[in-house]
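Please read the structure below before turning to the comments.
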Amino acid sequence: MPSYILKRILSLIPVFFVMSVVIFLVVYLIPGGPAASLLGMEASQDQINALNTELGFNRPFLVQYGDWVMNVLRGDWGTSYLLKQPVLQAIGEHFAPTMSLAVCAEIFTLIFSIPFGILAAYKHGTTVDTVTVSVSMVGVAIPGFLLSMFLMLLFGVTLKWLPVAGYAAMSEGFGQHLRYLLLPAISLGVAQAAYITRMTRSSMMDVLYMGYIRTARAKGVRESAVVFKHMLKNAAPTILTAIGQSFGGLITGTIVTETLFNIPGLGMLIISSINQRDVFVIQGVVLFVTLVYVLVNLVVDLTYGLVDPRIQMGKK
Amino acid sequence: MKNVENQSQVLLEIKDLRVLFQGRKKLLPAVDGVNLSIRQGEIVGVVGESGSGKSVMSQTILRLREHESEVQYEGSILFDGQDILKLPLASMSKIRGNQISVIFQDPLTSLNPVYTVGNQMSEVLMLHKKMSKQEAREKSIELLNLTGIPSPERCIKQYPFELSGGMQQRVMIAMALACEPKLLIADEPTTALDVTIQEQILDLIVELNKKLGMSVLFITHDLSAMAQLCHSVRVMYLGQIVEEAATAELFACPSHPYTRGLLSCIPRLDTDREEELPVIPGVVPPLTDVPVGCHFCTRCTLADEKCREEEPPVTEVTPGHKVKCWKYGQTEKEKEAVQ
């Protein structure tokens, strides 16, 4: 196991390298240099040149890249011109709401998707299965923003059970925090739940008629253990991948939902920084989000090794 | 070996068993009126081609098919005085692996790839014998030892994919024997193995049968394995038993044209190498297309109108030797006439 972990971590080095080059190019390739976009349309060429020199953007590519990598590693991700604060600090402040939202949405997702996915596969061909598959089809197809607005209208405006939009930090009390997150979490979770239900169902279907399942029954193992011990662990890698992807997606791709519900998360930060051409923030958020994504995938890969011994032995 | 167990008690009795699967248009009889009894300590062989219904029949004894498809039963399977087919499915788990065990054809796919050998073996013992983890571990090692696995302490920590095919099948056997079942169903246990390993596994089954006095239902299409192992043999064709006899009797005077066909297909060392091996013409018809009369009539060289229209009765040729054929008597005469 330790060598498997080490191998997986070492394999991240090339990933980080390629990622850092691409993200660095985001700023480097802006026509006229970052100064042009920082100063806006009205700036004269002299002003642009002066700022580019001040920021060091007229130095050779490799020098700039090396400099940037060293700064990133040291924790200096640049300064936001708009927010007048270090980029890393801005990301930190906006990450908490996004993370909370992602966790809530993922919990909602898992509560529904795993049980229904298992049930649909186990009872495939029956009404339970047909209903589950149809509902999840609708869940995948329905646009998130439409669902968000529908939920807002129903629970926020008509029934007045939950706040329509906004955000309360954890410091304002956990209940309050949750009240604000519930609707956005559901509207994000529905599509994820639909996707994971389908993945769970199909990966369970794959193992349903395996020889070892027949063996388990022939040994006298009870149906509950047949499903949860013998089937689920074999179906787990696919399900874990789907969960990893969905969680990565929730952390990185909640721009629309955050905007609709007015949640000050990473999505809001990146939208405002794109609008205002706050290039270092864009760069920082993209870097951060990529790191999180890579990390989530690493965790998924490591759990694979725990679930399926053939993977850590490199036999599959 | 042949008549050792004739006097002992009947352990399992299958009466007029029919197993019907739901086809697209009608019910398909995979097993069509089988009568079979197994005595205590007896090794009964069932031989037949693929599609003859031998595996379905053996799995019906444990009612394993119900979990995988719609099945209907007719007839009864008496085991220990109770009709297995009438039990609620949930209570089958008390019989499975405990009183009746099964070994399947392909050991690699039959063992769960994500659990260690020890885990899978202990599972049976903890379930049926209520052993603790530690007791189950010790018993597992003992059982692996019994089936001739070298260094069983190491084996229980290994995963199935780390073992060779022969070792995997030994693990399967050890697992099947864990609770000292009264009946072991061996469903083509050697088909997926090398010839040398086959021999070892067959010897192991005979040895354990003698040592533990357990009955064995041996399903195969390998006639030589059958001859080596079984006290009596049933020949199955398209869901029916067409001939039954003690092993020596069957090999000495096969009565059903199908049995003769099977026996003549075995290559022998003393025949001319240039001579073509005889084959039974045609293939087993699909279940959707079972002939009206004798099930074998479409491939039988002796078949006439009667065979195609009326199902033959079971006739006792000599005591204990039964055959389901209209022509079994005539075949001898015709053969003589030809000579």
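Think of each number as a place in line: the chain as shown, counted from 1.
Using N, Cα and C of the backbone, Cβ positions are placed for all residues, glycine too.
Caution: TrEMBL annotation is automatic and unverified by curators.
Going by TrEMBL, these are the annotated features:
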{"type": "DOMAIN", "residues": "A:95-304", "note": "domain 'ABC transmembrane type-1'"}
{"type": "TRANSMEM", "residues": "A:12-31", "note": "transmembrane segment"}
{"type": "TRANSMEM", "residues": "A:99-122", "note": "transmembrane segment"}
{"type": "TRANSMEM", "residues": "A:134-157", "note": "transmembrane segment"}
{"type": "TRANSMEM", "residues": "A:177-196", "note": "transmembrane segment"}
{"type": "TRANSMEM", "residues": "A:239-261", "note": "transmembrane segment"}
{"type": "TRANSMEM", "residues": "A:281-307", "note": "transmembrane segment"}
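For the transmembrane segment (A:134-157), the list of distant contacts is 116, 163-165, 183-184, 186-188, 190-191, 193-195, 197-198, 256-257, 260-261: same-chain residues at least six beyond its ends, Cβ to Cβ under 8 Å.
Long-range contacts of the transmembrane segment (A:281-307) within its own chain (CB-CB distance under 8 A, at least 6 residues past either end) are made by residues 1, 4-5, 8-9, 12, 15-16, 19-20, 23-24, 26-27, 72, 77-78, 80, 82-83, 87-88, 90-91, 95, 233, 236-237, 240-241, 243-244, 247-248, 251-252, 266, 269-270, 273-274.
Long-range Cβ contacts of the transmembrane segment (A:239-261) within its own chain (Cβ-Cβ under 8 Å, at least 6 residues beyond either end) map to 97-99, 101-102, 105-106, 109-110, 114, 117, 144-145, 148-149, 152, 165-167, 183-184, 187-188, 192, 195-196, 199-200, 203, 267-268, 270-271, 289, 292-293, 296-297, 299-300, 303-304, 307. The list of residues near the transmembrane segment (A:12-31) in space but at least 6 beyond its ends in sequence, with Cβ under 8 angstroms from a Cβ of it, reads 37, 57, 61, 64-65, 68-69, 72, 279-280, 282-283, 286-287, 290, 294, 298.
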